[in-house]
Amino acid sequence: MALYDRANSRNAYAEDSLLRESELVSFVKTTYKFFAGSLLLATIGALLGLMNFQAVVQYKWVFFIAEIAAFFGLMFSKSKPGLNLFMLFAFTSLSGVTLVPLLGMVIAKAGLGAIWQALGMTTIVFGLMSVYALKTKNDLANMGKMLFIALIVVVVCSLINLFLGSPMFQVVIAGASAILFSLYIAYDTQNIVKGMYDSPIDAAVSLYLDFLNVFISILQIIGIFSDRDT
C-alpha cells in the first residue's frame with residue numbers, strides 16, 4: 001500500500017528538495033566567503049609588495065614562478081581539505097604581489113586614483129554580470145566551449161605581442177580579455193548556483209581569476225592610454 005501513498009511520496013520529495021536547496025545555499029555562501037578572503041589576501045599581498053617595490057621588481061620572476069607553483073599546488077590539492085584552502089590563500093596572496101609591477105607602472109603614469117578607478121570599474125562589472133547570471137533565463141552552459149576557444153586566442157595573441165611590443169595591439173588584447181572574463185563571471189556564477197562545482201574552493205578560485213583578469217585588463221588599458229597622454 002505504501003506504493004500508492006502519494007502524500008508520503010510528496011513529503012519525502014519535498015524534504016529531499018529542501019535539503020538539497022539548503023546544501024546549495026550553504027555551498028554558495030562558503031564560496032563567496034572564500035572569494036572575499038581571496039580578494040582580501042590579494043590586496044594585502046599587493047600592499048606589502050608596494051611597500052617593498054624594488055625587491056618585488058628585482059625578483060619578479062621568482063614571485064611569478066612561486067605564484068604558478070601555488071596555483072598548481074591548489075589544483076593538485078583539490079580533494080585535500082585544509083591544504084586546498086591554504087593553497088588557495090597562498091596563490092591569491094602571491095597573485096597580489098605579482099601585480100605590483102603593473103600597479104607601479106599605472107600609478108607612475110596615471111596616479112593612485114587610476115587604481116581605485118580600475119577597481120571600481122571591475123567591481124561594477126562583476127556585480128552586473130553576477131546579477132545577469134542570476135536573472136537570465138538563458139542557460140549559459142552553452143557558452144563554455146566558445147569562451148574556452150576565445151581564451152586560447154587571447155593567450156596566443158598575448159604571447160605574440162610579447163615579441164611585437166605593440167601598445168595598440170595590447171589595447172585590443174586587453175579589451176578582448178576584459179569582455180571575455182566579464183562573460184566568464186556570468187558563466188561561472190550560473191554554474192555555482194546550479195551546483196556544478198565540486199567544492200566551494202574550486203568555485204571561489206574561478207570567480208577570483210575572473211575578477212583578477214578583468215582588473216588587470218582595465219589596468220593595462222589605463223596604463224597604455226595614460227602613456228599616450230604624456
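Cβ coordinates are placed from backbone N, Cα and C, and glycine is handled just like the others.
Residues 63, 85, 88-89, 92-100, 103-104, 200-201, 203-205, 207-208, 211-212 of the same chain sit 6 or more residues outside the transmembrane segment (34-54) yet have a Cβ under 8 Å from a Cβ within it. The transmembrane segment annotation in Swiss-Prot covers 34-54 (among others).
Residues or ranges marked as transmembrane segment by Swiss-Prot on the basis of sequence analysis: 56-76 (among others).
Sequence-distant neighbours of the transmembrane segment (87-107) (same chain, 6+ residues past either end, Cβ-Cβ under 8 Å): 34, 37-39, 41-50, 53, 56-57, 60, 63-64, 66-67, 70-71, 73-74, 77, 114-115, 118, 201, 204-205, 208, 212, 216, 219-220, 222-223, 226. If you look up Swiss-Prot, you'll see 87-107 (among others) marked as transmembrane segment.
Residues or ranges marked as transmembrane segment in Swiss-Prot: 111-131 (among others).
What Swiss-Prot lists as transmembrane segment is 146-166 (among others), and the listing cites sequence analysis. Sequence-distant contacts of the transmembrane segment (146-166) (same chain, at least 6 residues past either end, Cβ-Cβ under 8 Å): 172-173, 176-177, 180, 183-184, 187.
Packing against the transmembrane segment (167-187) from elsewhere in the chain are residues 125-126, 129-130, 132-133, 136, 140-141, 143-144, 147, 150-151, 153-154, 157-158, 161, 206-207, 209-211, 213-214, 216-218, 220-221, 224-225, 227-228: each is 6 or more residues past its ends and has a CB under 8 Å from a CB in it. The transmembrane segment annotation in Swiss-Prot covers 167-187 (among others).
Residues or ranges marked as transmembrane segment by Swiss-Prot: 205-225 (among others). Remote same-chain residues near the transmembrane segment (205-225) are listed as 31-32, 35, 38-39, 42, 74, 88, 91-92, 95, 99, 102-103, 105-106, 109-110, 114-115, 117-119, 121-122, 125-126, 167, 170-171, 174-175, 177-178, 180-182, 184-185, 188-189, 191-192, 197 (criterion: CB distance under 8 Å, separation of at least six residues from the stretch ends).
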Same-chain residues at least 6 beyond the ends of the transmembrane segment (111-131) with CB under 8 Å of its CB atoms are 103, 178, 182-183, 185-186, 189, 210-211, 214-215, 218-219, 222-223, 226
Against which stretches of its own chain does the transmembrane segment (56-76) lie, if we need a Cβ under 8 Å and a gap of at least six residues from its ends?
49, 84, 87-88, 90-91, 94-95, 97-98, 100-101, 104, 201, 205
